[in-house]
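One structure is given below, encoded as structure tokens.
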Amino acid sequence: MSAHDLKLEEIVNAETLRRKLNELADTADESYTSLPMRKVVLQTLKDALASGRANAEDMLMKDGGGTLCAKRLCYLMDTLIDILFEFATTRAYPTRNPSKAENMALVAVGGYGRGGLAQGSDIDLLFLLPYKQTPWGEQVVEHTLYMLWDMGLKVGHSTRNIDECIRLAREDMTIRTALLDARFLTGDKDLFRTLEIRFEEEIVKGTEPEFIQAKLAERDARHRKAGETRYLVEPNVKEGKGGQRDLHTLFWITKYFYRVKTKEELVKLGVLSRAELKLFNKAEDFLWAVRCHMHFATLKAEERLSFDIQPEIAQRLGYTAHPGQNYVERFMKHYFLVAKDVGDLTRIICAALEEQQAKHVPGFNRIFLTFSRRKRKLSDDGAFISENHRINIARPDIFRQDPVNMIRLFHLADRHGLEFHPEAMQSLTRSLKLINADLRENPEANRLFLEILTSPRNPELILRRMNESGVLGKFIPDFGKIVAMMQFNMYHHYTVDEHLLRCIAVLSEIEHGELKTEHPLSNHLITTIKRDRNLLYVTLLLHDIAKGRPEDHSIAGARIARRLCPRFGLTPSETETVEWLVREHLTMSMVAQSRDLNDRKTIIDFADTVQTMERLKLLLILTVCDIKAVGPGIWNGWKGQLLRTLFYETELVLTGGFSELSRAARDKQAREALAERLSDWPKEERDAYLALPYTNYFLTVSLDDQVRHAHFIRDADQQGRALVTMAKPHAFEAVTEITVLAPDHPRLLSVITGACAAAGGNIVDAQIFTTSDGRALDTILISREFDTDDDERRRAERVGKVIEDVLSGKAHLPDMLAKRTKPKKAARAFKVEPRVEINNTLSNKFTVIEVEGLDRPGLLSELTGLISDLSLDIASAHITTFGEKVIDSFYVTDLVGHKISNATRQGNIKRKLLALLGAENGARTNGRSPQAAA
């Protein structure tokens, strides 16, 4: 790449800048080191730096060249440092008759030494001395560094002679790596050349296995810190898996082992093909473009591609929306595909190291696995062998001879519990074009694939290798469409393909009994559906396969399942079940989290959808796997409790155990049961208490909770307290219950929810009851924060105290909320289309108002307050948060207990709620269902 291609003269004109500084020095009255002169020189250099960076950014926006931009910024820094060092040694601290010790070379090391920089990159410098430091040398180093620091640069530096460099490189792998990237800048070039020769002879030679082992271990540790998967939706572009540092590691290893200076030399050595070199350069260029744009956009060394900057970076790179995918999602898919390419390059280079050269280097094989080189056949035709506990190909042409071997490789690896030899994976990657329609329809290939997918061992591991190699997306093109696809929201932590693989991992863990404490019901049910277990694995692989399309992904996915299942070898009946599961895979989560499970209509409607116990069992396990695989912290005990409740209540309907007694009869039974539990109360007091709650309370609240509430209200009355709260942690459900007894008034729930928000409580559910003597008994469930019940109870009691203070007027709610109403920075990056639905068919007694919008602190308080202002009574509220999006359902009646049936009134309610949610013009709605899970 020539200077002409880089257009370096547009970044900075070195001679013009040098001439300008010389003229300043020649005409100035003060010495070059005087404060006034220093200020003038510093400002001149700052101006050149700012101008060069601005020009580099403009050129990046025009030509899009990431590598070009990195080289331009590096050239800018080289020029400024060269001129600065020249002036330090000739103007500030000149030597007329320098001794041998009064000499040095200025060397770029680390990332700067590699010849590429982003705007905020560190500038790593080595001041290389021939002997010990001298007073002259100290002055030059100090002058250079202070000028660079005053220019606002982050400079890492060391001052060493050659002996010190060699000694430290021998002891410290980080220093060794930095010197591997060393690049001469200015000063004594012979001194630098001496360091290069000694580094090669005394450090590199004979230490290849040691260095490569250290770099691979360092890479693995870095991945663990940044996130094991390359498909985290907020990746670290520099340090994350599949990022820049992985490319650097590959080049360090090859440079150290093959003694090359450029990537192009790897093609001549046969390490990379021309196509793979092109892939390397494209990946490097894209990652540089992303990183340079990030630094320019944020004006800092931002390395994490977080949600709040993804839109701007996507726009800078020129991405546009396509049907089913917005411009950010298209950009991020490209990013993750590049990260995958980096993984492919890692396997290719490791294979070349091991097979072409490593066997001749003593100790090298220890890097990759064991000392043994013993091979054994794995198949009758001898196509596959086991070598060092890894599966390998016996001949380079086995995939071309029989493309089914591309699937058989993974099948044998699963059956024998083997890792994959890098040579086999390299050959596989280079043979992907062999996967065509004939192979996809091949019965043997599909039989092998289904056995891999439903393996009783560790199907996720093998499927992950199939995905990383590109085989899975080629064998199932619909799956290939969602590889590396991200969803631009805060709820989903992984790309779609990564989520599907993690779903399969969760199911395998449940089947092996590894999650029975966390998921007792799923753990039990999996043992009762042995005949249908295969259907669950197939469903989990396919349930999100239609993401990124304009239509509902559940419906489109069901069509894909109907087409693929027969190909996999499923019967028509099994295909029908998988198709139904894919179509309904969000239903159970949505009903459990956003509907009133104490409302009989909810259960009956859900049972009508499910129809059979077999489907109910499969859907429950599917839902658990789906939610749990969304990301860390998404699953919690409260969601588990809701799903179990829905399962057990639906089971009663499907098995004929659901009571058809009239509402009045069930009310009578419940009052009699409570009376029996309060038999030690005086009859007059007991009868008076039983007259307090209305029918809905007795039909909704469990008997144990009714007893607890009775004692709670009795104690409050005896103490003469009109306002009181009670806290009860529920460890397994991961929620804490706060019960509030207070005089009833229309905005009571709004005040309670606002006080909860002000106290930091995250409400997940609320039930509202009134008594015949004008009091309210409200039960609020908040997310658990502490592991121990004692800590959680104390925290909940603090929340309760805030509620009491607000309700009693001791605290001013608006002031408290104002301190917490700043939305999270990441959430500001998203737009959630506000939606309001008013439904009179979901409940026999209540109108259900469902709202969807961008979450913000205090939103629930605002919503409940507005609903009260609209003269509506809230019977229950169900709060579900999906990252930045909230879906709240309110079961309401008018003030005389009737549903809201008047169309004009419904329209007014919608308009007011949409305005509160922030809808444009306050009037947009749509009829789609909320996406309740991944």
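The count begins at 1 with the first shown residue.
Quick reminder: no glycine exception, Cβ is built from N, Cα and C everywhere.
Features of the protein shown, as given by Swiss-Prot:
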- 1-379: region 'Uridylyltransferase' (REGION)
- 380-736: region 'Uridylyl-removing' (REGION)
- 496-613: domain 'HD' (DOMAIN)
- 737-818: domain 'ACT 1' (DOMAIN)
- 848-931: domain 'ACT 2' (DOMAIN)
Checklist outcome for this item: DSSP tally for the domain 'ACT 1' (737-818), helix/strand/coil in that order, comes to 37 helix, 25 strand, 20 coil
Next on the checklist: Going by DSSP assignments with H, G and I as helix and E and B as strand, what are the residue counts for the domain 'ACT 2' (848-931)?
Outcome noted: 29 helix, 28 strand, 27 coil
Checklist entry - Which value does the mean pLDDT take for the domain 'HD' (496-613) in this predicted structure? => result 95
Checklist outcome for this item: DSSP composition of the domain 'HD' (496-613), residue counts helix/strand/coil, works out to 86 helix, 0 strand, 32 coil
